[in-house]
Structure formats: C-alpha cells, structure tokens
Amino acid sequence: MEKIHKCSLCNKAFSQKSDLINHLRTHTGEKPYQCNQCDKAFVLNTNLKSHLMTHTGAKPYQCSQCDNAFSRKSNLINHPFTHTREKPYKCRVCTMAFSNGSTLICHMRTHTGKKPYQCSQCDKAFAQIATLKSHLITHTGKKPYHCKHCDKAFSQTAHLVKHLRLHTGENPYKCSLCDKAFPNANNLTCHMKRHTGDKPYQCNYCDKSFILQIHLKSHNKIHTGVKRYQCSQCDKGFYHKAHLIRNLRSHTGEKPYRCSHCDKSFSRKYLLISHVSSHTGEKTNQCSECIHCGKYFTEKSDLKRHTRKHTGGETLPMQPL
C-alpha cells in the first residue's frame, strides 16, 4: 500500500491518515486519552485501555507454559523467551543480548547516556521510569526497607538487595567474556565496557576519557582542586562525601558493616567482603585499596586503571589488605 500521508515535521510517511495523526502527537506531545483513575494520559486509546488494567488488576493474557498472566499482550509475547532462555534482542554496541525489546532499549541508554525521565524535585534524570519512581521516595525521607543483619534502612528495595550482598558475598551478575562476577548489574555493565573499549565521557581539560560519567565527574575535581566536604573533627577536606563519612568513622569508631555469620563488624566494606569468605570457603583474591578514595580491588590491573582517574595518568601505590 502506497504511503501517501507524509509528516511535515520529519521524513516519515504513512499509508493511513489515522497513523499520521497518531505520529504527529509524538512531535506535539499531545496525549488526548486521559485515565480517569490517575493523572496519566496517552497518545493512543489502545495504550489507555492497556493501562486501565493496572487499576483493575485484570491479566487476560495467560502463558500456556506456566501460571504467569499479564495485563498486556506485548508482555506475554516476550515472556516465552524466559522458558527457552533465548535472547533474540542483541545490542549493536556490545555483546549483551536480551529476551525482550524493552530491556534492550533501556540497555542502549547505558551507551548513549540518554536519561529521558527527569525528577521534578531535583536535577537528576534517569534512563528508566521505574528508577525515577524509586528515586522520588528519597525526597520524602522515608526508608521503609530495613536490613535484617544490621541497623541500616533504605528508601528503595533495590538498594536493600544490593546491601544484603555485602553480608552474603553473593555476586550473581557474571561476565560472559571472562570469569568475573559482580554484586549488581551496573558493575557488570561498567565491566563489559572494558571489553568493548567504550569510553564515551571525555574530559574538557585534558585528553582523558572514561567509561562512566561518575568517573569523569570524579576526575574533574583534580582540575578544580575543590574539596567541598570538610571534617568537623579535624582539618581534613575531601572531594567526595563518601570519603568524609569514612574519615568520620576513624573518629567515632563506627563499624557499620556487620558479618551475618558471626558478631564481627568492620569500618570498610572491602574488609567485610574479605572476612565473609572465611565463613563461606569461597576463595577470594588479595584485596588492594586505593589510597586516594578507599575503593578496593582484587586485581592489581584494575586498581592501576582506577587510580589514573585520580592522578590524570600517574599510578598511585597500593595499600594491601
């Protein structure tokens, strides 16, 4: 069928006028279909109908292989891949693959740096809407998720899950290209970029580039020389709030990292992780600590790469465990 209906704002064309009208709303931002249960609105009526099921709890799309059911047909279409373990949606930039297209779209934002979901309370933005929703809780001050091993509490369940791995020593995210494993998906994504060599974040002051934006921000402080975080107990200043907190523990004697297998506690996370291996029997490499920021590494090569972001190229010495 000939595509005679052309968009005047871009080069797309459509065979039906109704498709062009729907497309134009992506330019204008118009969302004429309003939910009567909440403040959400949609470009298409079909999207509104699908959304209304989240209020009613209806899940008409049943999987034929298990008892899972879904409110959206698209979710059912992607679901069978969890049974076959097939991952047909492959990233064009790195080697990662996914069982559904929406996860691939979210993953691609780790390469592009795109963060379309903006917080209305601060200047933070996020790659996923679910992450934004979790972040909004931090503005309320509520921390409903409590660790059963220590007295820490969290505003987001994902933060609690990550924290619990400090106690268990679990590293469920495994690299498909080497034998390394990580406690969370962000660490794995960062690690995968070391295989691809992707360093999209370029310093404006020198020729250094970085895998993550947070590494670039940390590096930029070397150029500015500003130490915003001053200790109230001594005259030391720090580039990062986390480093100030670590210094304060040297004054207070606080040891927040508690072992779930015995009654020992530690002031540093890496000390707890190393200690937990004595209970689990899992062999761990000797830890080395960056003397600039306190991060720990089990590989000397990783520490050397890390310290260059502090020094602009010169490698700092290690502080062995």
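Glycine is treated like the rest: Cβ placed from N, Cα and C.
Now, the feature entries from TrEMBL:
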- 5-32: domain 'C2H2-type' (DOMAIN)
- 33-60: domain 'C2H2-type' (DOMAIN)
- 61-88: domain 'C2H2-type' (DOMAIN)
- 89-116: domain 'C2H2-type' (DOMAIN)
- 117-144: domain 'C2H2-type' (DOMAIN)
- 145-172: domain 'C2H2-type' (DOMAIN)
- 173-200: domain 'C2H2-type' (DOMAIN)
- 201-228: domain 'C2H2-type' (DOMAIN)
- 229-256: domain 'C2H2-type' (DOMAIN)
- 257-284: domain 'C2H2-type' (DOMAIN)
- 288-315: domain 'C2H2-type' (DOMAIN)
Non-local residues, at least 6 beyond the ends, that sit with Cβ under 8 Å of the domain 'C2H2-type' (33-60): 22, 25-26, 69-72
Counts of helix, strand and coil residues, the domain 'C2H2-type' (117-144), according to DSSP: 12 helix, 4 strand, 12 coil
Number of helical, extended and coil residues in the domain 'C2H2-type' (61-88), per DSSP: 10 helix, 4 strand, 14 coil
Chain residues outside the domain 'C2H2-type' (117-144) and at least six past its termini with a C-beta under 8 angstroms from it: 106, 109-110, 153-158
Recorded stretch, among 61-88, 201-228, 229-256, 257-284, maximising Cβ pairs under 8 Å relative to the domain 'C2H2-type' (145-172): 257-284
